[in-house]
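Single-structure report; data block below.
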Amino acid sequence: MAENSGTDPAVERSAEENAATSGTIIMVTVKTPKDKEEIAISEDASVSQFKEEISKRFKAKQDQLVLIFAGKILKDGDTLSQHGIKDGLTVHLVIKTAQNNVSFSNAYFVNSGTANTASPGPAVNLGTSQGSGPSPATSQPASLFTGFGDLSSLANLGMGSANFMELQQQMQRQLMSNPEMLSQIMENPLVQNMMSNPDLMRQMIMANPQMQQLMERNPEISHMLNNPELMRQTMELARNPAMMQEMMRNQDRALSNLESIPGGYNALRRMYTDIQEPMFSAAREQFGNNPFSALGVNADSPGAQPSRTENREPLPNPWGPPDTTSAATGTTTTSSTSSTTPSVSNPLGISSSSLGNGIFNSPGMQSLMQQISENPQLMQNMLSAPYMRSMMQSLAQNPEVASQVLMNNPLFAGNPQLQEQMRHQLPVFLQQMQNPEALSVMTNPRAMQALMQIQQGLQTLQTEAPGLMPSLIASGIPGGIPTGVNVTPENPPAPTSGPGSSPAAGTNPAQQQLMQQMLQMFAGGSASSQTPEVRFQQQLEQLSAMGFINREANLQALIATGGDINAAIERLLGSQPS
Amino acid sequence: MSRSYGVKVPRNFRLLEELEEGQKGVGDGTVSWGLEDDDDMTLTRWRGMIIGPPRTIYENRMYSLRVECGPRYPETPPFVRFVTKINLNGVHNSSGVVDTRAVSALAKWQNSYSIRVVLQELRRLMMCKENMKLPQPPEGQIYTN
């Protein structure tokens, strides 16, 4: 067996698999940029045997492994001795993931969760046929489109409109790609060429496994994909942001009409769960965690309150934030889904109907909310969209639906007391939504920023002096804190809980009281009481070790990205003039 | 290797040391180097490999290079050329030869530098703003001349 020069039992044990090739067992260090392992292998083993061992240890498939020794790539047919690999030497390993080619970095090709093998494939072919230059560039939008279920992917197409650019900027967190590069890509005529090729686009889209799943479940989608006319229209849309918005608006209107039909709400909801959720799940890869799980977790009051409150931000009323954020979702998801599901659910419309339901479980929401919180301008853009208005109006006019929607919010479900409260407040909130004052506050970025600051202050106060809070709140904190939502508990800025009162109508005692409670709950429920600096201590150290010496900028980037180092680095790099 | 006393280590000793380092994987694992031909007694022709840095257009790719350490190495810098096609400032588009003046490690060569230093410098260049987004030829192409 393999006991000839096995130095220790461990060696012998693992070397038993190599027993077929007798010979001295050597210990070879296999090093990836991330870690390193010692592998015992027979000295006259072949490279493929070695790869077998490695694939077990590194939990990767053999064909994903690329081995490099002394500057040469080891081919499967070679032997270790051929390359002079002896005991104690180090072989470098690169693991190509199925989607992205290198495991340790997903960044550049945008969609970690999507099948990029398909996209480099056709893209490379395209590249070779069309010339060498921009092919990697083309493969990028290819992969972008491949991740059709990803909200951010479309946003990353850099569609040019203010909304999208901002969304793109802020949704980069997980994506880590350079926005400038993307806009350059978009301008590249080859890219446009490629995008106008419906077959190619279809191929890309279908290559995404999530899309495939989606298509299985919903044949409509595959119909749609197979319809060249539609594909072309979609690509037109993608290229033309104005058109996209127009289409979204139409959809929104259509859906809000649908919603008012008895039973329509349910249909929409069904559509949502069937279509939307998987798409959002696809997007989830991008966004990592599920922001709304944070909400859901805080199911017990006072946790429920902050969750509920957070839900409601950034608009000063319960349906506002969900509307707005769903509007944002709509903005992005509709962009991503509109082309895929023009006949199917409009996330925007559905959001409005199923406010708490599922929408908040979408990872897209989190990033949206975060964007909103970070970017009041975005809020303004969203609010000024006519569809937002129409949606809010329809909700206001239809208190039945509104209450139904609200009650269906799973967060409420666990707390009947809240439901009661909400029900009482319903008419008030409805009115508030209509209140132009409220709207104007929301559209005023500075006001929102101020509110955010207040929020922050409250939060700090809450933690510092819990007893102080009620009295503070009672003193009429400017209500309607329509600041952006920030769902993740770690994020210090601005989770709003302003839904209670409109800025001007702060005199309404009922509203005020409710808001006060919410604020309290919110502040009480906030998970972290540390300053961002303390929380991001570790990340800051890492950043400065990497050479980012501007601590201020680092901190801001970290706050903006919620402690995500990679995304923070992107922000820092992106802020430099290129 | 200490240069502090101005000791000149003979070429072959240096190269053997570099060979050993290459085999042991000294460094961060993003570059690799070794003799092109194990029987090369003159230790002149070397092969290098650079793993494209993440978050650049070179990501996912492995670039193969040829490094030639002349008879006056390490007093004089080695000749470096890419085998894998690459679009990088300082690398000739048609031949893959690395322009000595463009790479500071080569332009301001010192005895204490090594093949590893050159490879790492090239990798750093890939991460520069001006390079990190350059469109690249399709993967797998090599220079033929």
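Using N, Cα and C of the backbone, Cβ positions are placed for all residues, glycine too.
All TrEMBL annotations are machine predictions without curation.
Look at TrEMBL and you will find A:324-350, A:497-510 tagged as compositional bias 'Low complexity'. Residues or ranges marked as domain 'Ubiquitin-like' by TrEMBL: A:26-100. Under the heading domain 'UBA', TrEMBL lists A:530-575. What TrEMBL lists as region 'Disordered' is A:1-23, A:291-350, A:484-510.
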Summarise the domain 'Ubiquitin-like' (A:26-100) by DSSP state, stating how many residues are helix, strand and coil. 19 helix, 29 strand, 27 coil
Count up the helix, strand and coil residues in the domain 'UBA' (A:530-575) according to DSSP, in that order. 36 helix, 0 strand, 10 coil
Give me the mean pLDDT over the domain 'UBA' (A:530-575), rounded to a whole number. 83
